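Novice: Feature table excerpt (TrEMBL):
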REGION    1-30  region 'Disordered'
COMPBIAS  1-22  compositional bias 'Pro residues'
DOMAIN    26-98  domain 'Sm'
Amino acid sequence: MDDSTPPPPSAPADPSPPPPPTTSGSPTDFLKGVVGKRVVVRLTSGVDYRGILSCLDGYMNIALEQTEEHVNGRVTNQYGDAFIRGNNVLYISAAEPL
């Protein structure tokens, strides 16, 4: 046989990079994780409520403690407890690191 046969191609020195890490939490996990913590609740009207998330249900009805109402970035009212009907909620955001 002839030794002029080229060697088989070698594997690349650096394989493709691993995929970026993904967050494995579901919305339910997030909501369970923020109960008892400070949150921002944005309503469909654009009004924000900031307070401690006391509890919520499957309809996104929310109970907040130590609640402040923010309109256009300004505090307009302060409430001890506030109950927000779920169909008015646009989103819930953590106000402190989880």
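Positions of Cβ are set from backbone N, Cα and C atoms, glycine also.
Predicted automatically and left uncurated, TrEMBL annotations should be read as such.
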Novice: Sort the residues of the domain 'Sm' (26-98) into helix, strand and coil with DSSP and give the three counts.
Specialist: 11 helix, 42 strand, 20 coil
Novice: Which whole number is the mean pLDDT over the domain 'Sm' (26-98)?
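Specialist: Over the domain 'Sm' (26-98), the predicted model scores a mean pLDDT of 95.
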